[in-house]
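**Student:** One structure follows; several queries about it will come next.
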Amino acid sequence: MTVRVAINGFGRIGRNVVRALYESGRRAEITVVAINELADAAGMAHLLKYDTSHGRFAWEVRQERDQLFVGDDAIRVLHERSLQSLPWRELGVDVVLDCTGVYGSREHGEAHIAAGAKKVLFSHPGSNDLDTTVVYGVNQDQLRAEHRIVSNASCTTNCIIPVIKLLDDAYGIESGTVTTIHSAMHDQQVIDAYHPDLRRTRAASQSIIPVDTKLAAGITRFFPQFNDRFEAIAVRVPTINVTAIDLSVTVKKPVKANEVNLLLQKAAQGAFHGIVDYTELPLVSVDFNHDPHSAIVDGTQTRVSGAHLIKTLVWCDNEWGFANRMLDTTLAMATVAFR
């Protein structure tokens with residue numbers, strides 16, 4: 001069957017989900033029937049077609065009245081502020097992809113359900129009372145038909161959780177720290193301007209800016225045994241896409257750097273193929289732009305100190321990789337629900 005999807009919020013992730021759907025050739029599996037976005041339809045069409053990070057969209061895009069066309073596919077455009085007023089029942093929506101970055105509570109999910117959607121997938125970490133949180137490649141097999149309101153976690157969680165799992169399974173992690181080196185985001189300023197976070201009052205293109213992160217909480221959500229044993233910090237850097245994560249863990253078993261790399265390389269070629277990639281090429285962040293993997297391990301940066309402290313660098317395209325995981329999780333939800 002083809003999963004009928006509606007997208008709520010047509011920003012960076014919402015637009016990349018549509019592009020990833022068409023570029024990955026999954027239109028027989030997923031069809032987008034509607035997009036709800038407060039911006040005007042002409043602007044939606046323009047930004048879908050022309051993207052500073054990902055270049056021109058190869059498909060023809062046009063807008064006619066209340067419809068957006070990608071090739072010959074018509075997508076209804078809505079501008080509803082109230083979730084309860086969305087016509088999901090009328091449109092026969094199977095899964096709503098809520099890509100607003102604003103909504104994430106069970107109450108918001110239930111509003112989509114009340115409007116007629118069968119399932120809801122948030123494109124960001126949700127509240128603890130959601131049915132489950134998925135990091136595709138790690139725990140999607142735990143999805144059940146009764147899971148209606150689901151979170152796809154965050155781009156950084158999707159990046160680091162598979163690597164942590166691999167290291168923990170092999171060597172037994174005792175504790176760890178994570179530093180996220182993240183490209184600038186829409187909640188920063190082009191030039192100095194007011195913001196509740198005084199660091200984010202400063203021009204994004206001119207500084208490396210420390211910001212708060214809940215990544216440590218995201219890690220312990222998947223690995224409760226690491227509660228109070230993982231910490232995370234984050235900085236934003238003056239690039240517009242791609243993120244690097246510096247992961248340091250202490251492990252129980254003694255290990256060498258080449259053994260760590262061999263473990264991660266084998267995983268990329270085997271059980272985590274398509275989710276984790278591995279490289280030893282002398283690459284920089286722009287080289288990972290438009291990479292569909294959740295995580296790309298940079299084997300040239302792996303270090304081991306004292307046989308028990310592992311440091312490694314993991315890259316991800318925080319937009320494109322995550323958009324592809326949204327599609328993967330959507331299909332996984334539909335498979336268990338509608339089989």
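Note: Cβ is positioned from N, Cα and C throughout, glycine not excepted.
Pasting the relevant annotations from Swiss-Prot:
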ACT_SITE  Cys155  active site, nucleophile
BINDING   Arg12, Ile13, Arg81, Asn318  NAD(+) binding site
BINDING   Ser154, Cys155, Thr156, Arg200, Thr213, Lys214, Arg236  substrate binding site
SITE      His182  site 'Activates thiol group during catalysis'
**Student:** Across the listed NAD(+)-binding residues, Arg12, Ile13, Arg81, Asn318, what is the farthest Cα to Cα distance, given in whole Å?
**Tutor:** 27
**Student:** Mind giving me a neighbour count for Arg12 (NAD(+) binding site)? Other Cβ atoms within 10 Å of its Cβ, every protein chain shown.
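**Tutor:** A 10 Å sphere around the Cβ of Arg12 (NAD(+) binding site) contains 23 other Cβ atoms.
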**Student:** Sort out for me which one of Ser154, Thr156, Thr213, Asn318 has the most neighbouring CB atoms within 10 A, since those are the binding-site residues we care about.
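**Tutor:** Neighbour-count leader: Thr156.
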**Student:** If we check Cα distances from His182 (site 'Activates thiol group during catalysis'), which of the recorded positions Arg12, Cys155, Thr213, Arg236 wins as closest?
**Tutor:** Arg236
**Student:** Work through the recorded positions one by one (Arg81, His182, Arg200, Lys214, Arg236) and point out the residue whose CB has the fewest other CB atoms within 10 angstroms.
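**Tutor:** Among the recorded positions Arg81, His182, Arg200, Lys214, Arg236, the lowest count of other Cβ atoms within 10 Å belongs to Arg81.
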**Student:** Among the binding-site residues Arg12, Arg200, Lys214, Arg236, Asn318, which ones place their C-alpha within 10 angstroms of the C-alpha of Cys155 (active site, nucleophile)?
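**Tutor:** Asn318, listed in sequence order.
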**Student:** Can you tell me whether DSSP puts His182 (site 'Activates thiol group during catalysis') in helix, strand or coil?
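**Tutor:** DSSP assigns His182 (site 'Activates thiol group during catalysis') to strand.
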**Student:** Would you list, in sequence order, the binding-site residues among Thr213, Lys214, Arg236 whose CA lies within 10 Å of the CA of Asn318 (NAD(+) binding site)?
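**Tutor:** If one measures from the Cα of Asn318 (NAD(+) binding site), no binding-site residues come within 10 Å, so the answer is none.
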**Student:** Just counting, how many other CB atoms are there within 10 A of the CB of Ile13 (NAD(+) binding site)?
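**Tutor:** Excluding its own Cβ, the number within 10 Å is 25.
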**Student:** Quick check: of the binding-site residues listed here (Arg12, Ile13, Arg81), which one has the Cα closest to that of Ser154 (substrate binding site)?
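**Tutor:** Closest by Cα: Ile13.
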**Student:** Please state how far apart, in Å and to a whole number, the two most distant Cα atoms are among Ser154, Cys155, Thr156, Arg200, Thr213, Lys214, Arg236, the recorded substrate-binding residues.
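**Tutor:** Looking at Ser154, Cys155, Thr156, Arg200, Thr213, Lys214, Arg236 as a set, their Cα atoms extend up to 20 Å apart.
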**Student:** Within 10 Å of the Cβ of the residue listed as 'active site, nucleophile', how many other Cβ atoms can be counted across all chains shown?
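**Tutor:** Looking across every protein chain shown, the total is 24.
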